[in-house]
Amino acid sequence: MTNIRKTHPLAKIINDSFIDLPAPSNISAWWNFGSLLGICLIIQILTGLFLAMHYTSDTTTAFSSVTHICRDVNYGWIIRYMHANGASLFFICLFLHVGRGLYYGSYMFPETWNIGIILLFTVMATAFMGYVLPWGQMSFWGATVITNLLSAIPYIGTNLVEWIWGGFSVDKATLTRFFTFHFILPFIVSTLAAIHLLFLHETGSNNPSGIPSDSDKIPFHPYYTVKDALGALLLILALMTLVLFSPDLLGDPDNYIPANPLNTPPHIKPEWYFLFAYAILRSIPSKLGGVLALVLSISVLAIIPLLHTSKQRGMMFRPLSQCLFWLLVADLLTLTWIGGQPVEHPFIIIGQLASILYFAILLILMPAVGIIENSLLKW
């Protein structure tokens, strides 16, 4: 008798995705981040659901409702801080996941890669709208500054901004619609993640060597289920350590001041995970140019597969490309630091140089080094 997990229509999908899935025998811990992102998403949806039961999306009561959650709701404080810090861990996993893809040439699966880029944009939009909901000073001014960037779009810009705001400034209508979108987007993210997996399972996973692994596959369960369980344990350990010991470490103190349209904070800045893009935005004097650079900083990933010049897939055996990759990582850390600094000398010039270097590495240096490595190997 055939096992029910191989015959039942629903069980078969789960079986082919998580149990009998043929996986390369040599994938490292860098391949854990897909499952960790899934766990992050589940944590965010569950904690968000419980927060939404007590939150009110009205400008007069939003801030108070968050205070009420932390003070009066049973374990409300832990749910709120798990949600806030869960977002930070979500982005850490996202950046490491994308970095893994860049390093090992996983972008050579174009459908999976492009869905991944759409996922990244969607998660960033979700996180931005979530940051507005507590209606603190940084929530309000962050929403004002970032939505205002759309006014740089020629001809329709101003109308577009007022349409998004639902009025002539960030107000009650804006908060209500941001809450609506923040609630629905994670479910769209879940659907996109399923499509991401669907495309991945069409080709099978890449592996550190970049060589096709069809001749050496192992079943996903028990090998990688156990490996993913260890990753999940470490992720939850990191999250709970952050939540229970320093829940406000990654937040902005200004967000504990209720939103006041008449008082601008000295330094308006987004959450830490957007600082690199914010630094690129600020490094260009023109408003429209800055907005374009901001969008390009992420969408540039879409043309990475077209710029792959090396005869090898990953960077495992390409020391020159490895140097460039780690230079890119250092550059992104520099941009993150600059994004949190005031707009004054020497931060302006450092930000501009780091922004130029970011695009130069991805668009010029990496393809050029790929060609050089081919010629060094006489390929």
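Yeah, the Cβs are placed from backbone N, Cα and C, and that goes for glycine too.
On a predicted model such as this, the values are computed, not experimentally measured, just so you know.
Taking the Cβ of His83 (heme b b562 binding site) as reference, residues of its chain lying under 8 Å away and at least six apart in sequence are, in sequence order, Gln44, Thr47, Gly48, Leu51. In the three-state DSSP classification, His83 (heme b b562 binding site) falls within a helix. Here Swiss-Prot flags His83, His182 as heme b b562 binding site, drawing on similarity to another entry.
Cβ neighbours within 10 Å of His97 (heme b b566 binding site), excluding its own Cβ and spanning all shown chains: 20. Summarising the annotation, Swiss-Prot assigns heme b b566 binding site to His97, His196.
DSSP classifies His201 (ubiquinone binding site) as helix under the three-state reduction. If you look up Swiss-Prot, you'll see His201 marked as ubiquinone binding site, on the strength of similarity to another entry.
Residues or ranges marked as transmembrane segment in Swiss-Prot (evidence: similarity to another entry): 33-53 (among others). Residues 69, 79-80, 82-83, 86-87, 89-90, 93-94, 96-97, 100, 182-183, 186-187, 189-190, 193, 197, 228, 231-232, 235-236, 239 of the same chain sit 6 or more residues outside the transmembrane segment (33-53) yet have a Cβ under 8 Å from a Cβ within it.
Per Swiss-Prot, the feature transmembrane segment maps to 77-98 (among others); the stated evidence is similarity to another entry.
For 113-133 (among others), the entry in Swiss-Prot reads transmembrane segment.
Here the transmembrane segment (178-198) has Cβ contacts under 8 Å with residues 17, 34, 37-38, 41, 44-45, 48, 52, 55, 57, 112, 115-116, 118-119, 122-123, 125-126, 129-130, 132-133, 143 of the same chain, all six or more residues outside its ends. Feature annotation from Swiss-Prot assigns transmembrane segment to 178-198 (among others); the stated evidence is similarity to another entry.
The transmembrane segment annotation in Swiss-Prot covers 226-246 (among others) and is backed by similarity to another entry.
Annotation source Swiss-Prot lists transmembrane segment at 288-308 (among others), citing similarity to another entry.
According to Swiss-Prot, the feature transmembrane segment maps to 320-340 (among others).
What Swiss-Prot records for 347-367 (among others) is transmembrane segment.
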(request) Given the cut-off of 8 Å on Cβ pairs that are 6 or more apart in sequence, determine whether the transmembrane segment (113-133) and the transmembrane segment (288-308) share at least 3 such pairs. (result) yes
(message) Cβ pairs under 8 Å only, please: of the recorded stretches 77-98, 288-308, 320-340, which one is richest in them relative to the transmembrane segment (226-246)?
(response) 77-98
(message) Can you check which residue among the binding-site residues His182, His201 has the largest number of Cβ atoms within 10 Å of its own?
(response) His182
(message) Can you give me the Cα-Cα distance between His97 (heme b b566 binding site) and His201 (ubiquinone binding site) in Å, rounded to a whole number?
(response) 17
